[in-house]
Amino acid sequence: MSATEPTNEKVDKIVSDDEDEDIDQLVADLQSNPGAGDEEEEEENDSSFKAVPEELLQTDPRVGLTDDEVTKRRKRYGLNQMAEEQENLVLKFVMFFVGPIQFVMEAAAVLAAGLEDWVDFGVICALLLLNAFVGFIQEYQAGSIVDELKKTLANSALVVRNGQLVEIPANEVVPGDILQLEDGTVIPTDGRIVSEDCLLQVDQSAITGESLAVDKRSGDSCYSSSTVKTGEAFMIVTATGDSTFVGRAAALVNKASAGTGHFTEVLNGIGTTLLVFVIVTLLVVWVACFYRTVRIVPILRYTLAITIIGVPVGLPAVVTTTMAVGAAYLAKKQAIVQKLSAIESLAGVEILCSDKTGTLTKNKLSLHEPYTVEGVEPDDLMLTACLAASRKKKGLDAIDKAFLKSLINYPRAKAALPKYKVIEFQPFDPVSKKVTAIVESPEGERIICVKGAPLFVLKTVEDDHPIPEDVHENYQNTVAEFASRGFRSLGVARKRGEGHWEILGIMPCMDPPRDDTAATVNEARRLGLRVKMLTGDAVGIAKETCRQLGLGTNIYDADRLGLSGGGDMAGSEIADFVENADGFAEGFPTNKYNAVEILQSRGYLVAMTGDGVNDAPSLKKADTGIAVEGATDAARSAADIVFLAPGLSAIIDALKTSRQIFHRMYSYVVYRIALSLHLELFLGLWIAILNRSLDINLIVFIAIFADVATLAIAYDNAPYDPKPVKWNLPRLWGMSIVLGIILAIGTWITLTTMLLPKGGIIQNFGGLDGILFLQISLTENWLIFVTRAQGPFWSSIPSWQLSGAVLIVDIIATCFTLFGWWSQNWTDIVTVVRTWIWSFGVFCVMGGAYYLMSTSEAFDNFCNGRKPQQHTDKRSLEDFLVSMQRVSTQHEKST
């Protein structure tokens, strides 16, 4: 076969060898099963950019590259494959032992081993390993994303080399190669069509996510992983490997994977602050001990005690358990959580960037009210259009399926259709832009039926005879109106026997919104969520979909972002543009990624939905990546949450649940920080002033009891906030400090009054350590009932799991005191009852203080302070960063 004479064996094949299926049965199947035949519409499941100079793209299509040229270009640009970065899993696991809380736990383990306190050593090491294993397992899955992207690439390619058409492995293609494209070709690289007078239909769903094929002519660009549906042409390769769109998408995924997650930053910030408190407390204790010439072993024991209680060693485990229980609950609602921290992020999401197809819409074409020429009945138009449709269920395209399913609304056309006999059927011709069928009516009349691009159908009629001016004008105006509203229009015409062609009208069709989407969008607004559409579809289609859903219609072409070296907006103007836009259409992976990144730079928590390979980078970049029903493997791997139920409503349900889970975590963190501050203040003062401390074993039990009792917080009854929730850390610290001080004062009063001759807690006998242990355990355990409530602590009934866990721990702590476990001696029941009563009094004081703080706007303002206005500086920084990005892009293109 010649390089310039592609085979035409499969071209112009009019009738398949397969028998036509019964039209009545086909229509019945399609109408009874809305998903019938749709499986073939679904998408396949599955470094640095090197621009190629234009002088290397002047290859003669008839000759191609020589072997020497191929060798030179392969040395310069490498193989046509994505770079593989081997991740060191051992190092990845070790990094989970790095962090403020982990450092304190490790220091405590070393101290415990040095003091031969093997019980404490074992407990601390077990907590360290538990936290590390949970984190490692959650993040290990991310490494499969690039592998899933690779599955979309072709395995072989037909190229012109040395004047001959040869088949080679796809990874051996180099820039400047001439590729032959034909029906079914999976394009292995990015390139530009060089054949004259050609027309291809290319499925770009792997890039744009939109299932309808697009037309490509001479000079148009084609992209790696796209599939040629119909037509033949030659293409010159302009980019290979990591420089292709799919390669750059993989690079964006790797870039998005880098860095520390939002929740990890919050925990590290809390741990770092507590570590500072620990260091300050230790300095005070050491100075006091050295002043009294205390021996080194007691000093080390004091250090171990303060280290254990100063940082909440169980914080990661309890928070992880809370999110894991929430993930199990979400799984029952068909939402699979792949990254636990996504639950926390989803609770604070303010902007949802949603893909259109399949999420907001049904991903199935449906017909709308047709335009008919005067004198033509809609049933006649529908009958003609359905006659010009394939009758084979296997391979039936989306448009024919939509017409046949809609026959239920046209009973006369449906009844007449089986009476016609198909003599000849010509599938869609990308050149004439029409589908043609020759049929025989029940009366024996031969009729030619066509449907296709409206203006091409109009020209067919005009070539046969003049059309009245008013009909012509109305027809063209209707085409323009449908196009402006985002409809895909199909013209319909017929020719009876030897008569003239008749123009019948136009049938508009589009992917309609899901039935529940409009209500769900309103619910999202009520929850303080802004929905922006990011789609690869046309601007007109996106606007019409937004109009039907009640979303804003400020939809723009994604090219207007101007982040690839074009555009004249400054960085701050681009950020304003993205922030105020209701969505972007005709976008590629980089456009979606950039939009998410810009919104994040403005301080928003962003969620992104998607289903295709093209969505993988933005799914990974978003604070919460959401793969919707039917998503490809690459999208599912990149996402934090995978939904098995269709539509946006499932996402809103998950949002409410995540806010409930966040409320539980926030309650626990306030509680746990207050506990750490309580014991640091009390023990630090006790050691510094009286040179005494609790038994180290009792301190360990206090820490364990605090976390064991509150593990049940994961099952607590919790409300969901009506607005996005975030970590208000200044306020959180303010509340924790006040509660910690109240706890410390309560314990100090217990210590200083228990040995008084009259009115003390202990009369003539009892253990000092035992009473303090009980008082600390009771007040700390009950504190969770204060922090979990949004109002007074009695306004919200805790779950039986939480109440039961706290009660069991309280009983165990009471037994410790009654029987003198790990303390000097046993304590009588009267003293224990007095301790319970006193502890309840401290609990009531904490409840009142917490309620006042949580409802006081003045307290919130005091904690947060007055932030200086930095908008000008921020906008200047945005301008500078975008300018540098454009310079970098232009430099890459010129090298």
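Cβ coordinates are placed from backbone N, Cα and C, and glycine is handled just like the others.
When the topology recorded in Swiss-Prot is consulted, Asn268 and Pro730 turn out to be separated by the membrane. Of all Cβ atoms in the protein chains displayed, 28 besides its own lie within 10 Å of the Cβ of Asp611 (Mg(2+) binding site).
Below 8 angstroms of C-beta separation, residues 100-101, 104-105, 107-108, 111-112, 115, 117, 120, 124, 127, 130-131, 134-135, 267, 270-271, 274-275, 277-278, 281-282, 285-286, 289, 337, 340-341, 343-344, 661, 664-665, 668-669, 672-673, 675-676, 679-680, 683-684, 687, 693-694, 696, 699-700, 702-704, 706-707, 710-711, 713-714 of the same chain, each at least six residues beyond the ends of the transmembrane segment (302-324), sit close to that stretch. If one looks beyond the topological domain 'Extracellular' (291-301) by at least 6 residues along the same chain, the residues whose Cβ comes under 8 Å of a Cβ in the stretch are 111, 114-115, 285, 691, 693, 696.
The list of residues near the topological domain 'Extracellular' (114-117) in space but at least 6 beyond its ends in sequence, with Cβ under 8 angstroms from a Cβ of it, reads 297, 300-301, 304, 696. Cβ atoms under 8 Å from those of the transmembrane segment (697-715) belong to residues 119-120, 123, 305, 308-309, 312-314, 317-318, 321-322, 324-326, 664, 667-668, 671-672, 675, 679, 683, 769, 773, 776-777, 780-781, 784, 788, 799, 801-802, 804-806, 808-809, 812-813, 816, 822-823 of the same chain, restricted to positions at least 6 beyond its ends. Cβ neighbour density within 10 Å is lowest for Asp355 among the recorded positions Asp355, Asp615. For the pair Asp611 (Mg(2+) binding site) and Asp355 (active site, 4-aspartylphosphate intermediate), the Cα-Cα distance reads 8 Å. Looking at Asp615 (Mg(2+) binding site) and Asp355 (active site, 4-aspartylphosphate intermediate), their Cα atoms lie 9 Å from each other.
Here the transmembrane segment (802-822) has long-range neighbours at 695, 697-698, 701, 705, 708-713, 715-716, 767, 769-771, 773-774, 777-778, 781-782, 784-785, 788, 829, 832, 835-836, meaning same-chain residues at least 6 beyond its ends whose C-beta is under 8 angstroms from one of its own.
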